[in-house]
């Protein structure tokens, strides 16, 4: 197992998203000197979320990151998170505001009030729980094809062979 891991690590070290030269060998005996340091790493800024109407994509041919709008399909190369933060600072310094800014207390109180109003009746609570279960992905294993899958919580059959899946979240879930 250690040999396989070591082999994969060496192979991945020789990969470059921007350099079009590819190594068909196993990666042994190659030096990293031919790959510039800037080509080895790609900053995704994944610790900040992308606005909900955009999708962050990677062009595998060029190695460039671009953003695609789900509404219009337009591609933008500039990171919208950076332009939004610059725009907000500019608006605040000029005294203008492009939208309503809520404090974290206001947002949390809004969500708490939404939860309490939607959970007022038992039928709405049951519907709300079923709706939440549809959106949750869980790990499930198939005993027949010996594979693991990420499937919606309410999904019971293996997507490959249609036998019953073994859900690994059942230890933590409460059943009625």
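Positions of Cβ are set from backbone N, Cα and C atoms, glycine also.
Taken from Swiss-Prot as is:
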MOTIF     41-46  motif 'EAR'
DOMAIN    48-82  domain 'WW'
REGION    77-106  region 'Disordered'
COMPBIAS  93-106  compositional bias 'Low complexity'
REGION    111-130  region 'Disordered'
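Helix first, then strand, then coil: DSSP counts for the domain 'WW' (48-82) stand at 3 helix, 12 strand, 20 coil.
Mean pLDDT, taken over the domain 'WW' (48-82), works out to 79 on the 0 to 100 scale.
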